[in-house]
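Chemist: Dropping a structure here in structure tokens format, bear with me for questions.
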């Protein structure tokens, strides 16, 4: 297999690639709102690590159902 | 940086220190000079070439060069000198952080969010219609309009709403310019919503009528959305990315399958008349607005956002690769004569009414004062989010204009002129186009339809088919070759129809919600959004209201787009006038009188345009322009017992025109009155603030110091990186130690 500088270079480039991919994944999750649940749990547990939290299913339900109450949130333009 | 100096206007607690002026470094002087030269070269070529073909590259150079300079200098001036955004002041997202509705969102993510919320079908439609006057008027207005009006409106509204805990435009209007102005603003929002929905629906109906391929593909989006909804609700809650990818794959399959259906024996089932489509749209609109959000609206929203961002990116790449040639004249004779077939009236004011989204769109003020201010991390990011996103939308409008101007002008007019002008055969259309002063042979018309596998392209008004033709031209040149034309055409139709349907669904809900709120003042239970009869009644009223205009638009012998689009434009610019009036009032009330021109000048321009257009629509003697003059022509003919006059072929059509013109004319009056009321109230509030500055009450939230460290623009500067490192944050804004989600 590769030796010396070549090996290091390859190592660096896969590391950089992995870093890029993780940032892309982070960006997409933030943009689509997939990360909202994690954020909610982190927020709820930021003061009390044992605070009760909703399950993912219950949380996502409450979030879409909230749009039922006020449809102006998340409205799209023409 | 020099020591922050205290400013003269420190009447508000914690007003931002004025940033010290820094001289530009020699390097940036060189760079910005080059940008200015590129932009100026673009404008020079666009303006000076007559009669020869011009590459779209010049339009891109003019637009992008101007955007860059405006963003770098003008938006910075607004942020630092006019608004005095304060890096040290906590935003509502930081103050009320609940991790869900209010949470400080990374600026790059919020940029995407905000852009996806403001950009829709609007910037793809207006520029296409305005292309009848040539590419030059449209380009100038899209670029100058966004720089001095549209992006300013979005940014300033976002700023003031952020300073008010994310309050909506209507609430701010009521708080700051009084109850009457606030009520007028509310009625304006409701009325514009109805016209907006009708016009958008009309665009889809015109694109889908008699097109089995289109109807099948769009129809399939409903089961796809239902599947995605159930997947997200029951199978794997919250996994938006994966379900969207599945949805997009199914969507592409539906487009391909549409081609098979169009050639099969099913074709007849999916070949629908405009009238039938209207009924289906109304039924769909009603069901979509009473069904649970998770089942249809939410998944559709994900799908259309994915498609929107993907296709716009692809279009930008396609335009850059293909660099097509503009075939339309720079300025056509319709700019001065005002006799264009697509919409009547001369360049001023009607180009500025027709192109709303992309230059100045009142609707954006609802987004800038809704979700975005609750998510913004730092006041300094208002410039990137508010001004920057709007520049991107304007760029989308430029691409739509390019798409309309690269197709043969003869084809453009055959597609966009109303049925009464064009006729139903390629021979008649070829002759009609000849009468308009352009040439296209019947064979060319037939071939153009055959290329995209449609039965006919004649009088497919509304902009979507024209945009789709241009897009298929660009995409097949950039990727895939001529064989892919039909696919790309239907891809574009699908792309536009998808987010128009999403807007229809969401807009009907918002309209219903507003109506329930208003009806609730008369009969209490209406206010309760979970009271089913109230939901159904209000939904039905909203759907029937836009359904009426849609029905009328489809059956109007004068052409629905020709009649209704000016009303839509006027309504949208009316909303912009409300937003700019609110912004100007707030600038004055918060002691920024010196800089009130930043929003007052675009406001005056907008009012001049909107009121002139309203005046002409109401009082013009020209029956092509004035609604009441039009009514008179057909009413007189009816009284005389004539069977045929103008574009009406029989008495029934004459009666239709009389009714429609009356309704449209009355609406024009209503819009004009609303503008005048809002302006009058805003002027009163401003004068009061100027005369008695001590008595001014602002509903701004108190200053609280911000704990967040984050860059202002999409890319962090050297100083910002150092600041973040000092706060223990990595270059991407996340804590260095662990992978955190906040």
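Here the Cβ of each residue, glycine as well, is placed from N, Cα and C on the backbone.
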Chemist: Which stretch, out of B:3-22, B:83-102, B:243-262, is listed as transmembrane segment by TrEMBL?
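Modeler: From TrEMBL, the annotated transmembrane segment range turns out to be B:243-262.
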Chemist: For the domain 'CstA N-terminal' (B:56-613), what is the mean per-residue pLDDT, to the nearest integer?
Modeler: 93
Chemist: How about the transmembrane segment (B:665-683) and the transmembrane segment (B:564-588): do they have 3 or more C-beta pairs under 8 A, pairs 6 or more apart in sequence?
Modeler: yes
Chemist: Which range out of B:277-297, B:309-326, B:346-367 gives the transmembrane segment (B:534-552) the most CB pairs under 8 Å?
Modeler: B:277-297
Chemist: Establish whether the number of Cβ pairs under 8 Å between the transmembrane segment (B:486-504) and the transmembrane segment (B:243-262) reaches at least three, counting only pairs separated by 6 or more residues.
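Modeler: Output yes: the transmembrane segment (B:486-504) sits against the transmembrane segment (B:243-262).
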Chemist: Of the stretches B:115-134, B:180-205, B:243-262, B:564-588, which racks up the most C-beta pairs under 8 Å with the transmembrane segment (B:346-367)?
Modeler: B:564-588
